[in-house]
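The next block holds one structure in the form of structure tokens; read it before the comments.
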């Protein structure tokens, strides 16, 4: 647990790291210091704005100086600094009566050009610049970058670190390796201080912590070098290490992925440094089979209100460098903008301010310098922060204040847990309601079951109409028409109650569905049971001395028995609902990204007793009808009842295991199917043969035919 917390801490701390080695410099014009002369001028892409205090910045606006490739995010980084300075100059409460200017240069992702731009910022663009005493002194410069090499106070006394060094990123990487037990990894680094110092640090820390070993270490070349890239990718492809750490710049990954795609190298787990973790140019569908699942450490994202409106004001100025012009950034031979273009409705990477990470650090760094300058301007002698509480001059104060700040942060993380009913959006930036799943009337399964239920109800109504119209015929009268009508009515209720299992579960539907189902089937089966008993009694009464048995099966007794048996089921349902009522429930156990809306039975015992009572009556009817199956032909009602009960019991025996093993809405579908199948079985088995005689064989629907069939054989 402690190691995991350390991982979180290092990951969080490193959110403050900035892409590449962006540098901020500051100089001040003063008549207190002697002057020196420039030896040469550098031809650099740049933007300038005059001011009392000049802040300098180096940004990667083009990838290389040999093959220029414009980098919209890099230009946006530079304009973010310009925006922050413009915002500070408009703030009357911060640095009043002091105007901040800037000199912004393009380093072209090349060390030589970056150093040239740094020297220009240190010495100024004029023929003369001022130093403290002699030209041998340190220039009035303070800058920052992530390279751990810059932590050497002896070599870089004026370095002012505003973000943690790469040493913290290395430690975070090692924690990731230990967390997932990845002990055999490859390492790719850029051919500069950013990559080379990481190599030394990673090897030393891995050996010390026992996190694992490096299978190989390769240095990615600057510029176009297809042969070297081909060799490196072949090393990756042949190695048994499936985890690859890449400490390199975005341009290196662009070149590397081209070769990775060409050789079709898949199945690797990439771990990205902050320089390319969130690079939009690498987050495209074509690269997902190769880079999908990459783990990386990103800079903390922030909001900069008003930045997009500021970016929309950027326009070319072909005659002189303006505050918002882009003359210095134009490529040689590139098409020139007229300044009349409307960017408001154009989707460009330059105007995308939805994921401000390095820009947020640039914005904060400019404000940090502004507030430091403001504090020094308001310093009271004797209460200053320097030796003997003095207030140094602006230049000396900046030199003295170049001390690394403390790695103690008070924020909380950006990640939040979504509520139980919500799920993270595909962009992982907000919570969206989870999909709700239930047996709906609008899906194919629900439509089929609803249609079948309504058809069953319609067939019951048709049979009931046939029996009512032919109620005085021998076939209807000989089969106890009152109980037949009651069976048809109960079957109609069975078909209709299945509709309660379809649709969004609600409290009343959850309570009513099982009660209606249980009572309807008990009414039906109890009528069949009584009808079977009457058939047996009538047969016994037809024999000498058996007439006394009919007195126990008169119309009143039949109705009373049906009511009593049904009342028992009603009492079971009432006790179940009162003690542990079924209720709608949002189940999140089946799926993480959806809610299964279902009715919980409340009491498993209540549900079991309800089904068990129906099964008991069905088994009694089946056994009684089975024993009476050999009665003479005119009493063949027993055979039909035997067959119908056999179908009924088979359906419900198969229902129990299918119901238990069906999740969510499919459990409801199984129960509806069992209700419909058993209802159709009873309807067809009990009334199919009678409807056949009534409609298609009317010559057999006579008293003579019915009585004739009752003749016993000797």
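Note: Cβ is positioned from N, Cα and C throughout, glycine not excepted.
Nobody curates TrEMBL annotations by hand; they come from automatic prediction.
In TrEMBL, the feature transmembrane segment is placed on 481-503, out of the ranges 412-434, 481-503. Range annotated as transmembrane segment by TrEMBL, chosen from 7-26, 27-46: 7-26. The transmembrane segment annotation in TrEMBL falls on one of the ranges 368-396, 600-628, namely 600-628. A Cβ distance under 8 Å defines the sequence-distant neighbours of the transmembrane segment (515-539), meaning residues of its chain 6+ beyond its ends; these are 480, 483-484, 486-487, 490-491, 493-494, 497-498, 500, 549-550, 552-553, 558, 561-562, 565-566, 568-570, 572-573, 576-577, 610-611, 613-614, 617-618, 620-621, 624-625, 628, 631-632, 635, 637-638, 641, 644-645, 648, 671, 675, 678, 682, 686. Listed by sequence, the residues of this chain that lie at least six past the ends of the transmembrane segment (600-628) yet keep a Cβ under 8 A from its Cβ atoms are 510, 514, 518, 521-522, 525-526, 528-529, 532-533, 535-536, 539, 565, 568-569, 572-573, 575-577, 579-585, 635, 638-639, 641-642, 645-646, 648-649, 652, 656.
Of the ranges 444-469, 560-580, 640-660, the one with the most Cβ pairs under 8 Å to the transmembrane segment (672-695) is 640-660. On the 0 to 100 pLDDT scale, the domain 'G-protein coupled receptors family 3 profile' (445-710) averages 84 in the predicted structure.
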